[in-house]
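J.: Pulled from TrEMBL, these are the listed features:
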type	residues	note
ACT_SITE	HIS137	active site, proton acceptor
BINDING	ASP130, GLU203, GLU205, ASP237	Ca(2+) binding site
BINDING	PHE132, ARG146, GLN244, TYR248, THR354	substrate binding site
BINDING	ASP237, LYS257, THR261	Mg(2+) binding site
DOMAIN	18-122	domain 'Fumarylacetoacetase N-terminal'
DOMAIN	130-394	domain 'Fumarylacetoacetase-like C-terminal'
Amino acid sequence: MALKSFVEVEPESHFPLENLPYGVFKPEPGSLPRPGVAIGEYVLDLSEIAFAGLFDGPLLSNSDCFNQPNLNKFVGLGRPAWKEARVTLQKLLSATEPTLRDNAALRQIALLPMEKVQMLLPVAIGDYTDFFASMHHAKNCGTLFRGPENPINLNWFHLPIAYHGRASSIVVSGTDIIRPRGQGHPTGNSAPYFGPSRKLDFELEMAAIVGPGNELGTTIDVNDAANHIFGLVLMNDWSARDIQAWEYVPLGPFLGKSFGTTISPWIVTLDALEPFACEGPKQNPSPLTYLVEKTSRNYDISLEVLIKPSGQADSCVVTRSNFNHLYWTITQQLAHHTINGCNLRPGDMFGTGTISGPEPESYGCLLELTWNGQKPLSLDGTTRTFLEDGDEVAFFGYCQGNGYKVGFGRCSGKIVPSPQ
């Protein structure tokens, strides 16, 4: 049964007492950013809770981690501090605890309607890596670009493939995405095309937020990797397919990716996701020893993508997938990231890559859904092969519990025209 909070939480809410995801917000446009957690339709201001002395456990009582403009200091404290905060907050927000429930003055300043606050990026993201961890996505892309004879390169089954992304262009949900310009494949003997991307796409991903990192030259064991992951966010790694296809040989994605990546404002912790852990994928061949997990786990997170076409009032569901379709787990991704001695830092982020399922209706991007434009999607009277100016894309993700949901809220962005 669902836990009971004194704050009203609707059954379909993504933010019950079982969740308590972390974000950063401004109560008013001119105010300073501060950390918060979501509960129902409200945000609990953690700076006010800390000022009131309600974080009284041994790890947080003397910490200023909630008086920061981002969550980096808190996520860097590690799992014991995260668990202490979770226990404290679940108790404070429970229906049977009077400390906050019966303190009208504190509730007035600490419990704010979500619709009235401005959400920001939850962490200062120093570095961003994007993996390529879905076998179905890898197979589809390989078939499209190389043919069905050899859709997945041999190395893909031995290591989590990734590239280093651009942290500076990661934006919070609700930020407009400007259509990028760049080069595309030449036609015949002509010069390469240059101009606004003609094949702008979304990519249904999730991303892990790093907690405590590692020193340069050291590694993180795959069986300890979960202690270095604070939680997950939804992520749309927008992709200009025509720019990417022309530039990616031999060094991989660059301008086709670096123009914008959207994440949801709320980080759902691994502790909140724990009840929804499921068995990880069967990997064949067995990975090298440093990637072998004692317990291989994914999470049962339902994912959904909607597109609201330009000029239309309603959104259309274009795909439904699940986080458990990943072939390489997030703990394997993190361990592999550090195996060469690369140092990760609190607030770093790594994406999963597009999360596609085995069926066409579960493909995680338009490149796959329309088979590179050959099979247009029907969207309530209009069609799309790739995104057009004015289109809005929204991601949603949640875990279904017994009488409650643990969700991520909304991750959305609208395409605006390329500057002339």
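In case you wondered, yes, glycine gets a Cβ from its N, Cα and C as well.
Remember, TrEMBL labels are computer predictions, not curated facts.
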J.: Across the domain 'Fumarylacetoacetase N-terminal' (18-122), what are the DSSP residue counts per state (helix, strand, coil)?
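T.: Taking each residue of the domain 'Fumarylacetoacetase N-terminal' (18-122) in turn, the totals are 38 helix, 22 strand, 45 coil.
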J.: Based on Cα distances to ASP130 (Ca(2+) binding site), point out the closest of the recorded positions HIS137, GLN244, THR261.
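T.: The smallest Cα gap between ASP130 (Ca(2+) binding site) and any of the recorded positions is with THR261.
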J.: Out of these binding-site residues, PHE132, TYR248, which one has the fewest other C-beta atoms within 10 Å of its own C-beta?
T.: TYR248
J.: Enumerate the residues of the same chain, ASP130, GLU203, GLU205, ASP237 excluded, that satisfy the criterion Cβ within 8 A of the mean position of the Cβ atoms of the recorded Ca(2+) site; list them in sequence order.
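T.: Other same-chain residues near the Ca(2+) site: LEU204, ALA207, MET235, ASN236, SER239, LYS257, THR261, GLY351, THR352, GLY353, THR354.
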J.: Hey, for the Mg(2+) site built from ASP237, LYS257, THR261, who else sits with CB inside 8 A of the CB center?
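T.: The answer, listed by sequence position, is ASP130, GLY165, ARG166, SER169, GLU203, MET235, ASN236, TRP238, SER239, SER258, GLY260, GLY351.
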J.: Measure from the CA atom of LYS257 (Mg(2+) binding site) to the CA atom of GLU203 (Ca(2+) binding site) and give the result in Å, rounded to a whole number.
T.: 10
J.: Of all the recorded positions given, namely HIS137, GLU205, ASP237, LYS257, which is spatially nearest to TYR248 (substrate binding site) at the Cα level?
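T.: Ranked by Cα distance from TYR248 (substrate binding site), first place goes to LYS257.
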J.: Between HIS137 (active site, proton acceptor) and LYS257 (Mg(2+) binding site), how far is it from one CA atom to the other, in Å?
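T.: On Cα coordinates alone, these residues lie 17 Å apart.
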